[in-house]
Amino acid sequence: MANQPSAEELKKKLSEMQFYVTQDRGTEPPFTGRLLHNKRDGVYHCLVCDTPLFHSHTKYDSGCGWPSFYQPVSEEAIRYIDDFSHGMQRVEIRCGNCDAHLGHVFPDGPQPTGERYCVNSASLAFSDEKNGDQLKG
(Lines of atoms letter the chains of each structure in order from A and count residues from 1; the text may use other names and numbers.)
(Lines give C-alpha, C1' and ligand atoms only; values in the text may rest on other atoms or scores of the structure.)
Protein backbone atom coordinates (compact mmCIF):
# COMPACT_ATOMS: atom_id res chain seq x y z
CA MET A 1 0.00 0.00 0.00
CA ALA A 2 1.08 3.52 -0.68
CA ASN A 3 2.23 5.80 2.06
CA GLN A 4 -0.88 7.19 3.63
CA PRO A 5 -1.05 10.60 5.29
CA SER A 6 -1.20 10.58 9.08
CA ALA A 7 -4.53 10.74 10.88
CA GLU A 8 -3.77 14.35 11.82
CA GLU A 9 -3.15 15.29 8.17
CA LEU A 10 -6.33 13.53 7.07
CA LYS A 11 -8.40 15.28 9.74
CA LYS A 12 -7.30 18.59 8.22
CA LYS A 13 -7.97 17.46 4.65
CA LEU A 14 -11.28 15.61 5.09
CA SER A 15 -14.67 16.57 6.48
CA GLU A 16 -15.79 14.88 9.68
CA MET A 17 -18.03 12.49 7.69
CA GLN A 18 -15.30 11.72 5.14
CA PHE A 19 -12.84 10.89 7.91
CA TYR A 20 -15.42 8.77 9.76
CA VAL A 21 -16.21 6.74 6.64
CA THR A 22 -12.72 6.29 5.20
CA GLN A 23 -10.69 5.91 8.40
CA ASP A 24 -13.13 4.57 11.00
CA ARG A 25 -15.02 2.20 8.65
CA GLY A 26 -18.16 4.27 9.10
CA THR A 27 -21.29 4.48 6.98
CA GLU A 28 -23.01 7.67 5.90
CA PRO A 29 -26.81 7.75 6.32
CA PRO A 30 -28.63 6.30 3.29
CA PHE A 31 -29.92 8.67 0.59
CA THR A 32 -27.72 11.55 1.85
CA GLY A 33 -24.55 11.18 -0.21
CA ARG A 34 -23.61 13.94 -2.62
CA LEU A 35 -22.76 11.48 -5.42
CA LEU A 36 -25.80 9.22 -5.10
CA HIS A 37 -27.73 10.86 -7.96
CA ASN A 38 -24.73 11.95 -10.05
CA LYS A 39 -25.41 10.88 -13.65
CA ARG A 40 -22.47 12.50 -15.43
CA ASP A 41 -19.89 10.51 -17.39
CA GLY A 42 -16.53 10.14 -15.72
CA VAL A 43 -14.51 8.27 -13.14
CA TYR A 44 -15.01 7.84 -9.40
CA HIS A 45 -11.73 8.02 -7.45
CA CYS A 46 -10.71 7.31 -3.86
CA LEU A 47 -11.18 10.56 -1.96
CA VAL A 48 -8.04 9.96 0.11
CA CYS A 49 -5.45 9.03 -2.56
CA ASP A 50 -7.17 9.75 -5.91
CA THR A 51 -6.85 6.16 -7.19
CA PRO A 52 -9.44 5.44 -9.92
CA LEU A 53 -12.04 2.99 -8.58
CA PHE A 54 -15.18 2.92 -10.76
CA HIS A 55 -16.30 4.14 -14.19
CA SER A 56 -19.65 5.91 -14.40
CA HIS A 57 -20.91 3.40 -16.98
CA THR A 58 -20.86 0.71 -14.24
CA LYS A 59 -22.99 2.82 -11.85
CA TYR A 60 -26.66 1.99 -11.47
CA ASP A 61 -29.59 2.79 -9.18
CA SER A 62 -29.90 -0.15 -6.80
CA GLY A 63 -32.37 1.68 -4.55
CA CYS A 64 -30.20 0.98 -1.48
CA GLY A 65 -29.39 4.64 -0.71
CA TRP A 66 -25.70 4.61 -1.64
CA PRO A 67 -23.94 4.83 -5.01
CA SER A 68 -23.84 1.34 -6.51
CA PHE A 69 -21.56 -0.09 -9.17
CA TYR A 70 -21.37 -3.54 -10.72
CA GLN A 71 -17.62 -3.56 -11.41
CA PRO A 72 -14.43 -1.72 -10.36
CA VAL A 73 -11.97 -0.31 -12.92
CA SER A 74 -9.55 -3.16 -12.13
CA GLU A 75 -9.09 -5.99 -9.65
CA GLU A 76 -6.18 -4.10 -8.08
CA ALA A 77 -8.34 -1.03 -7.40
CA ILE A 78 -10.27 -2.77 -4.61
CA ARG A 79 -9.19 -4.76 -1.57
CA TYR A 80 -11.69 -7.27 -0.15
CA ILE A 81 -11.97 -8.10 3.55
CA ASP A 82 -14.38 -10.45 5.30
CA ASP A 83 -16.52 -8.38 7.68
CA PHE A 84 -18.41 -10.03 10.53
CA SER A 85 -19.41 -6.81 12.34
CA HIS A 86 -22.95 -5.95 13.45
CA GLY A 87 -23.93 -9.63 13.55
CA MET A 88 -23.69 -9.95 9.76
CA GLN A 89 -21.39 -11.65 7.29
CA ARG A 90 -20.37 -9.22 4.54
CA VAL A 91 -17.40 -8.36 2.37
CA GLU A 92 -15.90 -4.95 3.07
CA ILE A 93 -14.29 -3.08 0.18
CA ARG A 94 -11.30 -0.78 0.64
CA CYS A 95 -9.12 1.22 -1.70
CA GLY A 96 -6.43 -1.11 -3.05
CA ASN A 97 -3.87 1.70 -2.84
CA CYS A 98 -4.37 3.45 0.52
CA ASP A 99 -6.73 1.07 2.37
CA ALA A 100 -9.50 3.68 2.86
CA HIS A 101 -12.86 2.12 3.68
CA LEU A 102 -15.30 2.44 0.77
CA GLY A 103 -18.29 0.25 1.64
CA HIS A 104 -19.28 -3.36 0.92
CA VAL A 105 -19.87 -5.67 -2.04
CA PHE A 106 -22.93 -7.93 -2.25
CA PRO A 107 -23.81 -10.79 -4.65
CA ASP A 108 -27.16 -9.27 -5.68
CA GLY A 109 -26.16 -6.90 -8.49
CA PRO A 110 -27.01 -6.83 -12.19
CA GLN A 111 -25.27 -8.66 -15.00
CA PRO A 112 -22.62 -8.95 -16.26
CA THR A 113 -21.05 -9.46 -12.80
CA GLY A 114 -23.99 -10.07 -10.47
CA GLU A 115 -22.24 -7.88 -7.90
CA ARG A 116 -23.32 -4.69 -6.15
CA TYR A 117 -20.49 -2.50 -4.91
CA CYS A 118 -22.32 -0.36 -2.35
CA VAL A 119 -20.07 2.66 -1.80
CA ASN A 120 -20.27 5.64 0.56
CA SER A 121 -20.29 8.94 -1.35
CA ALA A 122 -18.06 10.32 1.41
CA SER A 123 -15.26 7.98 0.28
CA LEU A 124 -15.35 9.11 -3.35
CA ALA A 125 -14.33 11.98 -5.61
CA PHE A 126 -15.79 12.21 -9.12
CA SER A 127 -13.96 13.53 -12.20
CA ASP A 128 -16.22 14.66 -15.04
CA GLU A 129 -15.12 13.16 -18.36
CA LYS A 130 -16.14 16.18 -20.45
CA ASN A 131 -14.87 19.18 -18.52
CA GLY A 132 -12.60 17.72 -15.85
CA ASP A 133 -14.68 19.15 -12.99
CA GLN A 134 -14.14 17.43 -9.64
CA LEU A 135 -16.93 16.72 -7.20
CA LYS A 136 -16.19 15.34 -3.74
CA GLY A 137 -18.65 13.14 -1.92
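Note that Cβ sites are derived from N, Cα and C of the backbone, with glycine treated the same way.
Swiss-Prot annotations:
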- CYS118: active site, nucleophile (ACT_SITE)
- CYS46, CYS49, CYS95, CYS98: Zn(2+) binding site (BINDING)
- 7-129: domain 'MsrB' (DOMAIN)
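Sequence features annotated in Swiss-Prot and their locations in the structure.
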residue : record                   : CB count, 10 Å
CYS46   : Zn(2+) binding site      : 23
CYS49   : Zn(2+) binding site      : 19
CYS95   : Zn(2+) binding site      : 25
CYS98   : Zn(2+) binding site      : 20
CYS118  : active site, nucleophile : 23
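In the three-state DSSP scheme, CYS95 (Zn(2+) binding site) falls into the strand class. With helix defined as DSSP H, G or I and strand as E or B, the domain 'MsrB' (7-129) counts 28 helix, 40 strand, 55 coil. Cα-Cα distance from CYS118 (active site, nucleophile) to CYS49 (Zn(2+) binding site): 19 Å (rounded to the nearest whole number).
The average pLDDT computed over the domain 'MsrB' (7-129) stands at 95.
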